[in-house]
């Protein structure tokens, strides 16, 4: 088995990205090696999403493209995991019988065993657990970045949004104890990470199953005491549970970034009620106002669904009004697509697709205007950037580097002056510069760097490079061991 190559393809949210790092770590711990870029892998793993309709189409389209390779090389293995696998189960084998392994959201640790069993038995293996067997953070991980890392604080969700299938696929919320979370954060910082993102389907409800409703604000403050941790982000909060103690912790903890991604979904109270979102527009806007009062430079982004069943032109106008009032720095906008098994899929009042597309276009145009205005306001500001690898798709053509400012904005920067020597500024290093241009989806900084600080993350990136001829090839971080739980997690309060 040693030396077989693998590739993990990830669809969906940050939870899936984090899970894919665990899948890669599990495979490498079992003797697999990453497939070189552009080559065929011996094992291809799809970590799937089930939130939107195009997720299904994307998976089955990719599986279809792999069929000729599988037919010509029967030893190749294909595995499908994640939310769509949890939902579709045997349907995947009906539609793509050349798949070797199907596993769900609750048993990702079983992947190496299932691959070996499928190979040994020459038969597809379908194993879907109905409850979480092992907390993902106890598994080894192959992190994609030297300078940043995801840290799960909870899995699952207790909300009942009528459009969302996630709770039925990932189960009810289960919280990690704060000591376990902080132990993982400290271990990641010891490895060189500068930035961590706390992950949960609803971070604001963190701690309820532990009997401490204020646990999330306390966790943010505790992260502020971790030496060497420069940036803390989190996703995703829920407006219903967003409390002032969290805003105070964000504003008073220096390494918590001035950034908030808070899903709106709709600006209409009527639609929010049908969505069962448990808050109304005034509450949402009140949170935005209080966040901006505490952190005037905070970048606030959101999610919005267009064309939910029953949405009228007046409802849509309410959404546009919230977008104007909130002045979002950016938004992920989606056309509603019914997901089988959700209450919304059975609702009357389906909106004509042509109307949905027209509204979607208007929303996108308005949000681009708002984003552009917000980003133009950044021109002339001094920003701190952690240089990243692969953030800017055109970096090689433009000669720029890219990275994220503290507020999460993407910045493309030109390295000039004494710092311009090739290789001097590395992914993971921290620089300061001045914004020279604002575009709808990014900032540009073409002036000279004001400061450049080498970091342990940059050192790790440099140490991990392998030289092929004269071309440096950056390597990824080594596999991190999973974090043992200090105490058993309490069962979720239901």
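Placed from the backbone N, Cα and C atoms, the Cβ positions cover glycine too.
Residues or ranges marked as [4Fe-4S] cluster 1 binding site by Swiss-Prot: 13, 49, 83. Close to residue 13 ([4Fe-4S] cluster 1 binding site) in the fold, though at least 6 residues off in sequence, lie 49, 51, each with a CB less than 8 Å from its CB. Taken residue by residue with DSSP, residue 13 ([4Fe-4S] cluster 1 binding site) is part of neither helix nor strand, so it is coil.
In three-state terms derived from DSSP, residue 157 ([4Fe-4S] cluster 2 binding site) belongs to neither a helical nor a strand segment and is classed as coil. The Cβ of residue 157 ([4Fe-4S] cluster 2 binding site) has 21 neighbouring Cβ atoms from other residues within 10 Å, across all protein chains displayed. According to Swiss-Prot, the feature [4Fe-4S] cluster 2 binding site maps to 157, 161, 164, an assignment based on sequence analysis.
Annotation comment: Swiss-Prot describes 4-120 as domain 'MTTase N-terminal', evidence class sequence analysis. Note on the domain 'MTTase N-terminal' (4-120): DSSP counts are 61 helix, 23 strand, 33 coil.
Look at Swiss-Prot and you will find 143-374 tagged as domain 'Radical SAM core'.
Per Swiss-Prot, domain 'TRAM' is recorded for 376-449. On the 0 to 100 pLDDT scale, the domain 'TRAM' (376-449) averages 89 in this prediction.
Summarising the annotation, Swiss-Prot assigns region 'Disordered' to 465-494.
Residue counts for the domain 'TRAM' (376-449) under DSSP (helix as H, G, I; strand as E, B; rest coil) come to 8 helix, 26 strand, 40 coil. The Cβ of residue 164 ([4Fe-4S] cluster 2 binding site) lies under 8 Å from the Cβ of 51, 157, 339, 342, each of which sits 6+ residues away along the same chain.
Per-site Cβ counts within 10 Å over the binding-site residues 49, 83, 161 peak at 83. Distance noted between the C-alpha atoms of residue 83 ([4Fe-4S] cluster 1 binding site) and residue 161 ([4Fe-4S] cluster 2 binding site) is 17 Å.
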